[in-house]
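Trainee: My questions all concern the structure below.
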Amino acid sequence: MIRTNWTASPFTDGFCLDPFWDTALTWWTSNPDFTNCFQQTALVWVPCGFLWLMLPLKMYSSRGSRFRIRKWTWTSTAKLTLSVLLILLAFTDLCYSISVWATKGLGDLPDAVIVAAVVRIATFALSAFCIFLDRRRAKPSSAIMFVFWLLIATAAAVTFRSSLMHHLQNQQAPINNPQQQQFRFVMEMFYFPVVVVQFILSCWAEDFPELRQGMQKPCPEQFSSFPNRLTYWWITSLIYVGWRRALTNKDLWDLGPEDSSEVHSARLIDNWEQEMSRARLTPSAQLKWTTDLNAPQKIHSPSLTMALAKTFSRGLLISASLRLSNDLLVFIAPSLLKQLINFVEDKNQEPWKGFLYSSGMFVGSLLQVFALAHYFVISQRTGMHIRSAVVAAIYRKALRMSNAAKRSSTVGEIVNLMAVDSQRFMDLILWSAPLQIAIALYFLWNEMGLATLSGLASMLLLIPFNAFIAGRTKTLQISQMKQKDGRIKMMNEILNGMKILKLYAWEESFEQQVLDIREGELITLRKAAYLNSLSSFIMQLSPFIVALVTFTTFVMIDEANVLTATKAFVSLSLFNILRRPLALLPDVITATVQAKVSVDRVTKFLLNDELDLDSVRELPPNDPSSVIITNGNFAWERDGEKPALQNININVKEGELVAIVGQVGSGKTSLCGAMLGLMEKISGDVAVKGKIAYVTQQAWIQNMSLRDNILFGRAFDERRYDKVLEACALKQDIDMLPGGDQTEIGEKGINLSGGQKQRVSLARAVYSGADIYFLDDPLSAVDAHVGKHIFTHVIGPQGILHHKTRILVTHGIGFLPQTDAILVLSDGTVSETGSYRQLLTNNGAFAEFLRTYLTEGNHNEDEDPESAAVRNEILEEIVFKRGTSVSSGTSTLSKVRKVLRQGSNVSGMSKGMRHTDKNGILLENAEPNGVPLVPIGEPPVKGTKLVAIEKQETGKVSWSVYILFLRQMTWLVVSGIFSFYVLSNAANIGTNLWLNDWANDGKIPERANGTAWRDFRLGVYGGLGALQGVFIFLSLLTTATGQIHSSREQHEGMLKRIMRAPMAFFDTTPLGRIVNRFSKDVDYVDTVIPTNFRLWLNCFFQVVSTVIVICIGVPIFASVVVPLGMIYYVIQRFFIPTSRQLKRLESVSRSPIYSHFQESLTGSSVIVAQRQVDRFVLENERLMDVNNRSYLPSITAQRWLAVRVEFVGICAVFFAGLFAVLGRDRDWGVEPSDIGLSISYALNVTQILNMMVRVASELEANIVSVERIKEYTEVPLEADWIIPSRRAKPDWPAEGRVTFQNYQTRYRPELDLVLKGVTADIFPGEKVGIVGRTGAGKSSLTLALFRIVEAAGGSIVIDDVEIGTLGLHDVRSRLTIIPQEPVLFSGTLRLNLDPFHTYTDEDVWRALDNAHLRRFVTSLPDGLEHLVAEGGENLSVGQRQLICLARALLRKTKILILDEATAAIDLETDALIQTTIRDKFGDCTILTIAHRLNTIMDSTRIMVLDQGAVMEFAPPAQLLNDRESIFYGLAKSANLAP
């Protein structure tokens, strides 16, 4: 190497006494040193300039602190003292320099010395100020101060070494005066230790107790020093706990304010509103106002991407700058590798240079590790903030959506937006490949010259291919998300209606629908997987293709071009750098496309119409009216064909009780919705005054304690609370609960009866203390006695709401005389308005409304005197008005007595009749939903807990889970994957060893100059590369095939098991928990886990390949492989338990988000009407924060791992370089080509080691999804649906005889019997009423017939066949039930009637005709193909119940069970159903579970149950004649017997 001395002196004469830079002193020497000028300028100005440059940032960061600390800590005191000492040292230096200048003049004193002293004094004074500021603002540590003292200490170490070396060697410095040199030496001896101590102190964090005030478990990150945060040491304590034992939620730290969902969601909503405002203010929005229609109009669409960018710009910019730093640092190693190879070739170079190159690679790689680690944490943390804000925005929007938007966005779709689409924002990778590629090409140009252009051309040819991949991927992603939405929507409906599916034996039909959707989803997934395989194949092979093209061009364009070790392996290291961005390209394309699709989907959702709450204006407090509607026209959808309400004019005075009456479908509920702002106001004016409370027709109950349901977020006032409980008749129920009002109520009030749910809903409204109460038929679900109590004590003139405005929708005619006004609705218009007496006198629509109900009914001579008086008055008014004779009126009265008394309850009349079972389940009227709920696991203390806590595995994921995953991929596919990976990596090693050998050809003249040998080298190199590509493609293809097979197996296995699970499982498992399995966990199985598996295999084989290659090139490297491997293994095993458990905690904490969302969506009308949206939004954000408490430590722990594992990789690079340096001078036989190959591989393995552990931990963390799905494939099963060897005859049951033979049953093996030796014989065609006090076993008997619960003893025989010997579907499909709650599924009307398409259209129309629905269905545009909304929301409750009747008519089995099917519907629908049952099921055996005696008084026999046994079984007249009978007591308590 040619040695050329070079000096530089940029300063004027006299400023320095020697040059600023002198290569003879610094580079071309065995003992390098810096000039005094360099030490007095650069080593002083650069560190000090850094602090002055950072001062504005320092002041800005301190400005936001709210603390003003006065107390001094020992650390801040020591830091300040040392800064003062440094000021004194610098001042001493300045004074000495001034004294020299004064005595000897400037000739002996350079200006640089004086300037350096002044700069130090000013800078150390500034550092003292910064220390004071940090203490004052309670900053535990400062990154700026740490870097400043690190720079100062590094510079001081250089000057200290130089001064010490000169002093020890007694060399004469350029300063000729020995006294001055002695002074400088003494100053350095004092200065350097002080600076080192100051630097050490900057590594410690100060403790400010004020920072912990108000925090239960603060995160140690905010109290940690900068080095602690830099290396993520602060999370080591949590990882240690996770290593010792399984982590729990109690071990997790609280989120800081900067991570709060509330903060970020508020900022996103503000920026989104700005986007919306811009869209409204664009010229195109004002087109209708301009006359120049030809003027160009710029359309602005609200951009969610822009809103997100504005909201999270800080985090995105910081992560981008860190990524840029990483991309620049990554090129340090190839540059130093070139110098190291030259060093090994040139043995004349000084040894210290080799150590410098090795150390330089070590330091450069270390800085790269820190930059990359913090880039990932900040970007993922920002992603977490984005997800939280997006989920909050989706949740907020879902509550405020208009009715039309709700129909277009199903629950399943919105769940997918929250579960999957929001996650896509977190997965988006900030791709800086263009920059990396550009820099790599620059360095390649320096090595390969024009040949680089051929490599560039080969890369450019890949762009069209990538564009095609991106387009196809986006199309497939959109298709897959739509299919996923449909599947989740269907699953949501199935889970909501599971009991109905089991009672009707419809599970197979709906299971097949889900499987059909899933199959379409898998077809799309398969296409995407194959497309991704092709993309990954091209991208993994592209660096080799670029290298092959470049090397070929290089040696072909000029015969003088020889491929040396330097050119080959520096280029190879650059190609390896290119490999990363190009290999990431498919994942980046996929993530970008997925994010784009998700942004579009979320944007579309956020642009849905909202309820215009401003459509209802606020009346002034002094206005005498409470509700005013003027010329109102309302629709459920703005673009609907016809308004649901027309020409509405209402004026409700303050304090009035107004009743709304009308027939089914007349618009009663719609009118309430119009007043509340829940409908689209087409025209007119609506105004209300004061706070609002709303009680819906179908009660909405939350999954929380009874008390919390009533308080509804308000403060507990014991006096008011007790008063409300008493008025709403809830005292007795609560007193009988083991947990009192702290008893947990299950999802949808699963452990409450219909009447109890309605009373809790009413109590919630009453407790709210509102000014206006909208009560949508709350009395229909309770018995007459309780209804009378509630009306008297709550709603009526003497109730606790008598001074409030009450708007009551009711079918209870007996309450109408006590109202102040009545609104009569007919076909969406108010046909009459007035007082009760006025309307009777008018003999108009109201009188016709009453007459409708007074002409149907059952005959019964018993009459409650008080009720009879009211009803006689009604008859006198409306019958005689029409000139009807007295006898005719009396006859009519006789007919209607029972109908008018509808609601006399068997079990709700006397105290002591309500009780609870041993699990704290509230029982009234019937076992709710037919089955007493029993939590999975041990019952909690006092019976307050109902819903089982979600199962959470602990410890290491069982190998059985991995084996299950591999087995579901099939062993043939798995063996193929491993074989192809081994072969592809073997081919890769072969190509590089061949290149290593090729690089030595330059030393052999005949090879270097022979074109034949060159072509041979190229051919073999290309052939090995092609072989590698084939094996890569085959491995990717087999992985994709196995991925699809595993996805199908896992989803299908879970679905089939869930569909066959007993009802007890669904009663105690929140639906959100199950939906979470089918959405998030299935998504992980579909896409994330296969990617983790593929990456882990890739990393594993690359690491093995690297170790083999390095050991071949530098055999002594094998001595450090074992120690480094052990360190790597220890770190991995220490880390993985924590990572795994954090993932489990994150998965478990995700389910409540979905459960809360589904619950909120169900009750959105109540939430919006009562202005509780903000509270529920805050609760959603709290649940998000709970989820993020486990997610944030998880991503931080990943970086903790990265820093440590990549440090192991950096050590591998360092030792490979160190052994190369040592081997050169010790003749170890190390060739430059060997060093180049070894270090290029070692550089590549640094990040691969980290990625391998990260991917391994992610795989173990994500495989939890397989574990969670596996858990649901092991839930208990019902009996077989079909037993082929024991099928029922086609016409069974032909007669309808039912015999109970000492029948016993219990709900779980460890529980007591609920039916104890029931023996009864029910004859064919008999009509049997089943009555009994609460908990007697009425519904249990029904469930036993359908085998929802199985026999513990005895048997049930139907037409001489014991039902226990048949399959469940053979039993359930031959019985018919009309349930109390009508459940419909989204889809066509025909699907809801006949999902298996068993019947002809003629049969279906006949059933609709008999169910009084023909007129309604024929009026629909699509007839039988009319689409029913999710949950039947586009049909009234009465219409839904009539559809259930049509189902029964269509099946027309010999046995019909009525589970109080008319308990919660209006009188008209009840009359229609009763008439149809008498006419069409006259020859059938009918079992009626009676909560109201009027429905079973005409039965053939009455079965009286008590404590699970048949106490009486005889005709009703016989039982009433026996005054000692239980039935007589029940009748008397209901005022039906004297």
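Each residue, glycine too, has its Cβ placed from N, Cα and C.
Whatever TrEMBL says is automated annotation, not expert-curated.
Per TrEMBL, the feature domain 'ABC transmembrane type-1' maps to 317-594, 976-1261. The domain 'ABC transporter' feature in TrEMBL is assigned to 629-852, 1298-1532. According to TrEMBL, the feature transmembrane segment maps to 42-60, 80-101, 113-133, 145-165, 185-205, 316-337, 357-378, 428-445, 451-471, 537-557, 1100-1131, 1201-1223 (among others).
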Trainee: Spell out yes or no: are there three or more C-beta pairs under 8 angstroms between the transmembrane segment (357-378) and the transmembrane segment (451-471), with each pair 6 or more apart in sequence?
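Mentor: The answer is no, given that the two segments have fewer than 3 Cβ pairs within the 8 Å cut-off.
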Trainee: Please determine whether the transmembrane segment (42-60) and the transmembrane segment (145-165) are in contact (criterion: at least three Cβ-Cβ distances under 8 Å, sequence separation 6 or more).
Mentor: yes
Trainee: Where else in the chain does the transmembrane segment (451-471) make close Cβ contacts, counting only residues six or more beyond its ends and a cut-off under 8 Å?
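Mentor: For the transmembrane segment (451-471), the nonlocal Cβ contacts are 437, 441, 444-445, 531, 534-535, 538, 542, 545-547, 549-554, 557, 582, 585-586, 589, 592-593.
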Trainee: So which residues does the transmembrane segment (145-165) touch in its own chain, when a touch means Cβ under 8 Å and the partner is 6 or more beyond its ends?
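Mentor: For the transmembrane segment (145-165), the sequence-distant neighbours (Cβ-Cβ under 8 Å, at least 6 residues beyond its ends) are 31, 33-34, 39, 43-44, 46-48, 50-51, 54, 127, 130-131, 134, 171, 184-185, 188-189, 191-192, 195-196, 198-199, 202-203, 225-227.
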Trainee: Under 8 Å for C-beta pairs, could you tell me which stretch among 317-594, 629-852, 976-1261 has the largest tally with the domain 'ABC transporter' (1298-1532)?
Mentor: 317-594
Trainee: With Cβ-Cβ distances below 8 Å as the criterion, list the same-chain residues six or more beyond the ends of the transmembrane segment (185-205) that contact it, or say none.
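Mentor: Contacts of the transmembrane segment (185-205) (Cβ under 8 Å, skipping residues fewer than 6 from its ends): 75, 78-79, 82-83, 85-86, 89, 92-93, 140-142, 145-146, 149-150, 152-153, 156-157, 159-160, 163-164, 166-167, 223-228.
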Trainee: Give the nonlocal contacts of the transmembrane segment (537-557) in its own chain as ranges (CB under 8 Å, at least six residues past its ends).
Mentor: 444, 448-455, 457-459, 462, 465, 563, 567-568, 571-572, 575-576, 578-579, 582-586, 991, 1014, 1018, 1021-1022, 1025, 1028-1029, 1032-1033, 1036
Trainee: Could you tell me the mean pLDDT over the domain 'ABC transporter' (1298-1532), as a whole number?
Mentor: 84
